[in-house]
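Student: Residues or ranges marked as active site, proton donor in TrEMBL: C111. Per TrEMBL, active site is recorded for C111. Annotated active site, proton acceptor per TrEMBL: C254, in sequence order. According to TrEMBL, the substrate binding site annotation covers N35, N102, G112, N113, N191, N227, E245, R246, G255, T256. Per TrEMBL, the feature region 'Disordered' maps to 1-24.
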Amino acid sequence: MNDSRDISPAAGTQSGPPSSKRPALPFIKAHGTRNDFVVLVDPEAELECPPQLVRAMCDRRAGVGADGLIRVARAGALERAGVLWQRPTGCGEATWFMDYRNADGSVAQMCGNGVRVFAHVLVAEGLLPAAEGVEPFSVGTRAGAKRVVLHRADARDAVVSVDMGAPRLLGPATARWNGQQLRGLGVDMGNPHLAVVLEDHDAHSLAQLPVPLPVAGDPEVFPEGLNLELLTPLADGRVHMRVHERGVGETESCGTGTVAAAVAALADRGRRVGNVAVCVPGGEVQVSVTEDGSTLTGPSQIVFRGSFPLLDANSVT
């Protein structure tokens with residue numbers, strides 16, 4: 001697919017003279033290891049992003065299609081617009097903030113793959129000079145500010161490292177999945193995860209497993225639901241992972257989930273720190289876990305740009 005390809009979807013537009021056409025919302029389609037996003041560049045937080053719009057744009061049959069929607073805006077502008085009640089820790093007035101929504105329209109605290117895409121879009125859109133991207137800079141999220149480094153970035157591709165912070169261990173926990181009780185390690189990465197090491201599976205057998213809806217976690221540990229990671233045991237510094245994301249379903253990748261998986265894989269081997277290559281259906285990322293933090297490194301790709309015809313809010317379901 002060509003770099004930054006423009007598309008003009010005809011679906012949903014009205015016939016007749018140009019003045020009768022519905023207004024259209026510019027967007028960018030991008031992904032990090034095929035965890036894909038619709039990105040709206042809205043520095044002053046002038047757009048409204050009701051759940052109906054998010055669901056319509058993320059719909060894979062009637063919309064653009066994505067696992068989630070990212071709005072690029074200044075933290076102060078989102079606060080003034082009432083989207084944020086207050087700026088999270090480490091987020092200044094001018095900090096670029098990732099306003100992230102799941103495909104079902106719900107608000108998410110954090111998305112590691114989304115932060116990589118967000119940082120890439122900042123450079124691709126000229127909102128952050130490429131020369132500055134090689135130095136660490138902050139991206140605001142509802143889970144606090146995250147330090148980011150762009151190792152390389154152009155109009156289409158980037159490699160990005162994100163300081164994911166210190167994983168918070170929730171201890172052993174369970175979930176009901178596919179008619180069975182799974183036991184794993186609960187990990188809080190700003191959003192809740194249950195990472196389950198499947199000792200009797202390898203990459204091939206893991207790929208054959210069904211990952212059905214819904215996943216029901218221990219309500220005492222996961223009162224607001226959970227993200228479920230199924231992974232192979234750590235071998236030669238590598239694990240294979242599949243993920244079921246809260247509010248989305250199975251996705252090709254999940255950034256916070258890869259860190260949770262790395263933590264669980266290391267713990268399964270009696271280790272607290274280390275470097276783990278996490279292979280997901282959408283590709284491979286590198287996770288480094290230290291005593292007081294974690295870093296996620298992986299790709300971002302801008303696929304195309306387009307315009308989405310806006311409907312009356314009451315007609316979008």
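Using N, Cα and C of the backbone, Cβ positions are placed for all residues, glycine too.
Just tell me what is around each of these and how deep it sits.
Tutor: Non-local contacts of C111 (active site, proton donor) by the CB criterion (under 8 A, 6+ apart in sequence, same chain) comprise N35, G68, I70, M98, Y100, T141, N191, C254, G255, T256.
DSSP classifies C111 (active site, proton donor) as coil under the three-state reduction.
Taking all protein chains in view, 35 other C-beta atoms sit within 10 angstroms of the C-beta of C254 (active site, proton acceptor).
Packing around G112 (substrate binding site) is summarised by its Cβ count: 29 other Cβ atoms lie within 10 angstroms of its Cβ, all protein chains included.
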Student: What's the number of neighbouring CB atoms sitting within 10 A of the CB on G255 (substrate binding site)?
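Tutor: Taking all protein chains shown, G255 (substrate binding site) has 28 Cβ neighbours within 10 Å.
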Student: When you average the Cβ positions of N35, N102, G112, N113, N191, N227, E245, R246, G255, T256 for the substrate site, which other residues in that chain have a Cβ within 8 Å of that mean position?
Tutor: A108, M110, C111, G114, V243, V248, T251, C254, G257
Student: Using all protein chains in view, find how many other C-beta atoms are within 10 Å of the C-beta of N191 (substrate binding site).
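Tutor: Looking across every protein chain shown, the total is 24.
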Student: Per DSSP, N191 (substrate binding site) is which: helix, strand or coil?
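Tutor: Its secondary structure by DSSP: coil.
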